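Now, the feature entries from TrEMBL:
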ACT_SITE  H119  active site, proton acceptor
BINDING   Y67, R70  substrate binding site
BINDING   Q101, N102, V103, D104, G189, T190, S191, N215, P216, E217, S233  NAD(+) binding site
BINDING   C127, C130, C149, C152  Zn(2+) binding site
DOMAIN    1-251  domain 'Deacetylase sirtuin-type'
Amino acid sequence: MSTLSPDVIQRIRSAKNILFLTGAGISSESGIPTFRGEGGYWKTFKAEELATPEAFENHPDVVWEWYDWRRGICLDAKPNEGHLTIAKWQSLSPSINLITQNVDGLHSRAGSKNLLEIHGNIFRARCTSCREKFSLGEDGINQPGLKFCPVCESLLRPDIVWFGEGYDNKLLTKAWELSKVAHIVFVIGTSANVSVPANLALTAIRNGALGIEINPETTTLTPSMQVHFGGKSGEVLPEIFKEVFPDTKRN
Ligand code: OAD
């Protein structure tokens, strides 16, 4: 189904550094609503209205309730063929890297290594005062709604980068480095509405990487890509993998 040209297949095979850049779309086949799609609403709120420092300042209880709900969905979800194919691909070489905007933890549950979660992780909280980090869930802090720091008793917040907030410098520096040296960049399941991830993809392309986008829709990045697959990542990625490595077993 994927049908890459022989030239592109050859470029992928001979590429040393491959970068996968993923967004919410890769997890939609696992049942996790995307941010800007139909499921991006909770009660009457849009996801973009809740994932902000202002929303947390004004209504920390509502924001925590929303994240508790999303965390439950993430916990029940299973990695799909898209996540699993990237993990399998990464197991072939240490220079295949993955940068995700997703906070759902599904890439690491699929077995991905060399993973940068640039927007944080929904299974972690950090203290608004001492910045100490804690796991959430059965093995960590588990009460619903507002949560407090066991060290200093201040309010905890989700360990997630919200709209209008800066990124973790160390993670971002590493992400820029990876995008500059990539020979191939796969851009998967992102609307490219957030500027940092979109610019990571563009940086790779400006530095000579071949860009392959997998998304049922076109995005602002599509014109910069050499290849666009208008399909679901859980279907397209295994096909690409099969074409590039016809002799490698999937599992
Ligand atoms: P969006 O919800 O903006 O975009 C999801 C993209 O996935 C859309 O372009 C869809 O067309 C595409 N898509 C849907 N199903 C797909 C499938 N099965 N296979 C491939 N693509 C599919 O999500 P992001 O671009 O990830 O930030 O959003 C970026 C950031 O905005 C998120 O990380 C989040 C949000 O605010 C934080 O939470 C910090």
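Glycine residues also receive a Cβ, built from the backbone N, Cα and C atoms like all the rest.
Keep in mind that TrEMBL annotations are predicted by a computer and have not been checked by a curator.
Taking a Cβ distance under 6 Å to any atom of ligand 1 as the criterion, the recorded positions Y67, Q101, H119, G189, P216, S233 reduce to Q101, H119, G189, P216, S233. In the three-state DSSP scheme, C127 (Zn(2+) binding site) falls into the strand class. Sorted by the number of other CB atoms within 10 A, the binding-site residues V103, C127, C130, C149 start with C130, the lowest. If you compare Cα positions, C130 (Zn(2+) binding site) sits closest to Y67 out of the binding-site residues Y67, R70, Q101, G189, P216. Each residue contributes its Cα atom, and for Q101 (NAD(+) binding site) and the residue listed as 'active site, proton acceptor' those atoms are 5 Å apart. Residue environment of P216 (NAD(+) binding site) contains 13 other Cβ atoms, counted within 10 Å of its Cβ in all protein chains.
Other than C127, C130, C149, C152, the residues of this chain whose Cβ falls within 8 Å of the Cβ centroid of the Zn(2+) site are, in sequence order, T128, S129, R131, E132, V151, E153, S154, L156.
Residues near S233 (NAD(+) binding site) in space but far in sequence (CB under 8 A, at least 6 apart, same chain), listed by position: T22, G25, I26, E29, G82, I188, G189, I214, N215. Reported as a whole number, the C-alpha separation between C149 (Zn(2+) binding site) and S191 (NAD(+) binding site) equals 35 Å. Of all the recorded positions in the record (Y67, V103, H119), the one with the smallest CA separation from C152 (Zn(2+) binding site) is Y67.
With every protein chain in view, the residue among the binding-site residues R70, C152, G189, S191 whose Cβ has the most Cβ partners within 10 Å turns out to be G189. Summarised as a single figure, the pLDDT of the domain 'Deacetylase sirtuin-type' (1-251) averages 94.
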